[in-house]
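Noted in TrEMBL for the protein shown:
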DOMAIN    12-98  domain '2Fe-2S ferredoxin-type'
BINDING   C50, C55, C58, C80  [2Fe-2S] cluster 1 binding site
BINDING   C119, C122, C154, C156  [2Fe-2S] cluster 2 binding site
DOMAIN    242-432  domain 'FAD-binding PCMH-type'
BINDING   F350, S360, V361, A362, G363, N364, D373, L422, K440  FAD binding site
BINDING   Q765, F796, R910, A1077  Mo-molybdopterin binding site
BINDING   E800, R878, F912, T1008  substrate binding site
ACT_SITE  E1259  active site, proton acceptor
Amino acid sequence: MTPALDVSAYSSKLHFYLNGTEIILTNPDPDTTLLQYVRSIGLTGSKLGCAEGGCGACTVMVSNYDKATQHIRHLNVNACLTPLCSVDGKHVITIEGLGDHKNPHPVQERIALCYGSQCGFCTPGIAMSLYALLRNNSTPSEHEVEESFDGNLCRCTGYRPILDAAKSFAAPAAGAKKAGGCCGGAGANGGCCKDEKPEFASTVPQESSVRFPSVLFKAYDPTQELIFPPRLMKKTAEPLHFQGRKAQWFRPTTLAQVLQIKAAYPQAKFIGGNTEVGVETKFKYMEYSPFVYLHDVAELQGISITPEGITIGANVTVANFQKALKQAIETVSEEQAHVLRAFLANIKYFAGNQIRNAASVAGNIATASPISDLNPVFVASNSTFSILSSEQSVDSTARVVPATEFFVGYRKTALNPATDILTEIHIPLTRPGEYIRSFKQAKRKDDDIAIVTAAIRVKLASDNTIVETGFGYGGMSAFTCQAKKTSAFLQGKTWGDNDVLQGALEALDQDLPMESFFVRFWWDVIEQQKLQVEHEHGDISLMTQEIHRDLSFGAQSDKGTVQFSETKIVSQSVAHVAAMKQVTGEAIYTDDMPKLHNELYGAMVLSTRAHAKIVSIDTSAALAHPGVKAYYDHKDVPGNNVWGAAMFDDEEIFASEEVHCVGQIIGVIVADTQVIAQEAARKVKIEYIDLPHVVTIDEAIAADSYIPLTKSIVKGDVDAAFATCAKVFEGQTRLGGQEQFYLETQVVLVNNKGEGEFEIYASTQNANETQAVVASVLGISAHKVACKVKRLGGGFGGKESRTIPLACIMSIASHHTKRPVRCMLDRNEDMAISGQRNPFMGKWKVGLDENNKLVALDTELYLNAGWSSDLSVAVMERALGHIDNVYYIPNVRAVGRCCRTNIHSNTAFRGFGGPQANVIAETYMTEIAERIGMTQEAFRELNFYKEGQLTHFNQELKDWHLPKGYFQLKEKANFDARRAAVDEFNKKSKWRKRGLAFIPTKYGISFTALHLNQAGAMIHIYHDGSVLLSHGGVEMGQGLHTKMIQVCSEGLDIPMEMIHIVETSTDKVANASPTAASASSDLNGMAVKNACDQINERLEPYRAKGLSWKEIVHHAYFDRVNLSANGFYKVPDLGYKWGENKGQLFFYFTMGAAISEVEVDLLTGAHTVIRSDVNMDLGRSINPSIDIGQIEGAFIQGMGWSTTEESLYFPNGRLFTQGPGNYKIPGFQCIPQEFNVSFFEDVTHDSVNTVYKSKGVGEPPLFLGSSVYFAIRNALCSKLEAKAGERPWVLSVF
């Protein structure tokens, strides 16, 4: 019989401090996260990016006081996973606690002024990680700075400017001169302790060649930080008990209390950091009660070191475990430390700092993940686990289970879930002659779930006879497994004997097919034992050691883009006008808007089938759920249920009779809160009859499933040209999709204002189409719908069309309920339903003449459109226009077809088909060069376009500076010498190879849809001289508003500070084109300039009098001069006719080139980017530093697309990669170790008739990131060519 638990001794009060203010809550809900709480009280600087601790947007700092050590520890943690109930006795600091835009903290100021914030959604979390680092160590090393961000992601910046800002806080490099005196240079920055503390410090880094504004930063003074509340220092932890809507919470303070709770509640769920359970409850919809929070149980927090080993309390955090291991290494002998280093090696890449600070070691063990980073090390090291049962007393002898016997099945262990608790872990130190090493391979080095992990141990006798071995592997079976046959084979054999190695590898193949780690370990032990073994591996350390990554650095030069500038404000590097508000958390995004009166929340009911007939929908259980207001579907649409993003109206807002993909929207539940709405949505029961479905391009081709429009460009007589070719080559190239992974997911708030009027606040790149489609769906005129956009937390094309269905659905709900309705998609929802970059397949046939000049190209392009056309036809149009890249091919036949499949509708993503076509082009250029025995660079250079030549779509190339900029980069980056050095390295190294790639690009700027090449702007000048500027573009991090203010400032000849942009709104500027196609600065800039010109013409008589601006405005107002202007611009000369191959397709071209050098570990496939150099022609940049940020961010996105980012689907059409846990965008330590950006120099732009002769920048550099892919390919080819020595190796798939 389960004993009753008396909770009368447990308090129901939660007591903590928040940004220095005392908070006492009575009986908080255990299901509430810290993020939900702080946002609910108006502290919206902390953002929700993923809800699984993978992006860091929610990062806050939690400080606690250890009475035993009298030490305060400051921890950056994920507020999205941290239970509110867990912060008792702690001090929580959010971004608002640091400073505001008028008085920012030095961390905030430096990130903002160093261009470290673009869209700004991730910036508060990044600032908090840096802040926590400084609170623990006010002068960290540069390595510590770079590693401090391993739990944060940014999709915009490319990370370099953030690291520049952060490194300004780092201690001087080793060897830096220090002052002497009484303190030996212990003062600030190595100076005297008696020096006066400076009010300002210099900018970072001094050697940078960018024209950063001359700014003096605030000095960082750690003595001025918020103190840890003295009252909390005196607070004694007491047991807590809370009862929530669904779950109970216990916070015991003794192990005896833990056992009592477990005895009373066998189903109780132990939690430490909630890093696993939080994900289970959020995304797997698992329900637990009660939760038992173990962090404050002193008996589970101990750490002790003996001559035999190290013992840690089970609930020690991974971060404290890491710290203890480092301290232990200082006290034990080197041979004893092998096991400690093995654990440290994998802990370094265990999740991110935020997770390590919260997750407990026992939690990681008991979770029994089959891909655990640590469990293989516990197994291989012969560690043991101590276990107590709730049927025992605290003083009872614990059951000791070897780690080798602990893991018994998929997420099953030797623990009895109803009674047992893991109390201690004992790790034996390594003995003389004993070696152990751990391994982890993942797509991304930092904060990535492993593909495979391992630990291998061997104990050798004095004659190198193998006495004992231990193997632990993760990712190779359903649970942590061992190589028992291999262990048996090795027993008694001699380490270093090649026959033994071969026999061990054969045995390992029987155990599990994973040889590379053992080979590396084998030679590592040989090296450490100093055994004399013959081999042909060259420098053995290159085989035994993992690739080392140095600190990142780089240079940015704006010389080329400003050298002919004749403007005052335009061409200046000005920080993003909202950067300071973004980094302080004051910038408002859609979901940050305060809750409106009577606001409801919408949660969508989604299809679970790829293609099926809907038989029935049962909403009874959902509607009976407390707090639910209504359910709506296609029957409730007051207007048109059908819409289309471009050429075809082939989508339903709500699926009516059939569903065509997993995640298609069937209905919406409207309820009081998000949690209730989502719970109820899962209760809607739908019956289907499955229909045949297709997922891939190949399946669609086989099923003849296409969007009914084929596009083509034909120039010359292709068939006749091939008949004259001296050489003909054929191939096929495949390219995967790419998730936009904007940090702010799709979000909309619809306000039914009454009188048939609706106000829509949306995170969209396309306010105009949102307005139009919502009006159509509601059956009203567009003038009754206003769509407003303050800013986006990233877009990248993913919010051009796919926000529209969400806005329509919430508008329908608001229409019926007559109340405001909000919805922000969870990350998994967003990724599952919003679409991504179109996967492509290209079949190509290329002909050369006897001089290796390109003669003919015949290509068939296929893209995966998904279940509807969306923008896929336009994506294909752009791809067809970029299949030549920068090469003159007189005869071209390019045909494109869009495959209709049963996955989410794919959509725009930065580059919009251009990068896919460019990769196909560079693949055929690369493969052909290899096959004809010519260097890739020589083959490319031979076939470059020349000034005045016609493209395959018959557009004349004017101001064609690509060859000049290409050769400038070749010289600047010392390409020829580096090519020779790479070749020499590869001759000497067998197991590591380096690769070098030089990739050029041209990108056509304009919408391929002619009517979209227009823009409007509005200027209002108020009596005080201040200017309100409105234009049709959306600010999504690219600095558009900043540039438009610069254009307006230049045009009106007034300071930027006098100009303000409130938002983008359809009731200010009507019929605006989407913010896309890299054309927004061109279009809106010219419209703003046109408005300025109108104003200037009216004010010219007053300017002639030499009056100040305010005087001019004053006199003009009293003379009744119109101080408002409506600017407009349409791009001239455009008008390409598909099929006829006539007319101008693009207004101009942005061009550039990149060189990337990589090093690849051939044993594991791991790689590092040693260096990347990018050189671009952006005309005369409006804002060079913002454009440099665009180049870097786009490059890193392109690098991610071609390396770590991989979208995976189940055969049933369901997307597998639905969050940062398994979809890996590049992180801080993925960027090139040396990253240089420059602009073409000594070039003019006579034919570029844009605003101040600037060029579009957002999309063109993305493709250049694939230079990393081509460099990896080059490295692998060097290995295979060296091995085969004959036919070049062909790799055409990524």
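Just so it is clear, glycine is given a Cβ too, placed from its N, Cα and C backbone atoms.
Within the domain '2Fe-2S ferredoxin-type' (12-98), the DSSP-based counts of helix, strand and coil residues read 14 helix, 33 strand, 40 coil. Long-range Cβ proximity for D373 (FAD binding site), meaning a same-chain Cβ under 8 A and a gap of 6 or more residues, is found for N346, I347, Y349, F350, N364, K440, A450, T453, G474. Long-range Cβ contacts of C80 ([2Fe-2S] cluster 1 binding site) within its own chain (separation 6+, distance under 8 Å): T33, L35, L48, G49, C50, A51, E52, G53, C58, G278. Comparing V361 (FAD binding site) with F912 (substrate binding site), their Cα atoms are 45 Å apart once rounded. Using the Cβ center of E800, R878, F912, T1008 for substrate, the list of other same-chain residues with Cβ within 8 Å runs, in sequence order, G797, L871, A874, V875, E877, A908, G913, F1007, A1076, A1077.
Among the binding-site residues listed here, namely C55, C122, C156, A1077, C55 has its C-alpha nearest to that of G363 (FAD binding site).
When every Cα pair among F350, S360, V361, A362, G363, N364, D373, L422, K440 is compared, the largest distance found for this FAD site is 25 Å.
Same-chain residues at least 6 positions away in sequence with a Cβ under 8 Å from that of R910 (Mo-molybdopterin binding site) are, in sequence order, Q740, F796, G797, A1194, Q1197, G1258, E1259, L1262. The candidate set comprises the binding-site residues F350, F796, F912. Of these, F796 has the most other Cβ atoms within 10 Å.
Distance noted between the C-alpha atoms of C119 ([2Fe-2S] cluster 2 binding site) and Q765 (Mo-molybdopterin binding site) is 13 Å.
The binding-site residues near C154 ([2Fe-2S] cluster 2 binding site), taking a 10 angstroms Cα-Cα threshold over the set C55, Q765, E800, R878, T1008, are C55.
In this structure, the CA atom of E800 (substrate binding site) is 21 Å away from the CA atom of C122 ([2Fe-2S] cluster 2 binding site).
Of all the Cβ atoms in the protein chains shown, 29 others lie within 10 Å of the Cβ of C156 ([2Fe-2S] cluster 2 binding site). Taken over all pairs of the listed substrate-binding residues (E800, R878, F912, T1008), the Cα spread reaches a maximum of 16 Å, rounded to the nearest whole number. Nearest neighbour of C55 ([2Fe-2S] cluster 1 binding site) by Cα distance, taken over the binding-site residues C156, Q765, R878, T1008, A1077: C156.
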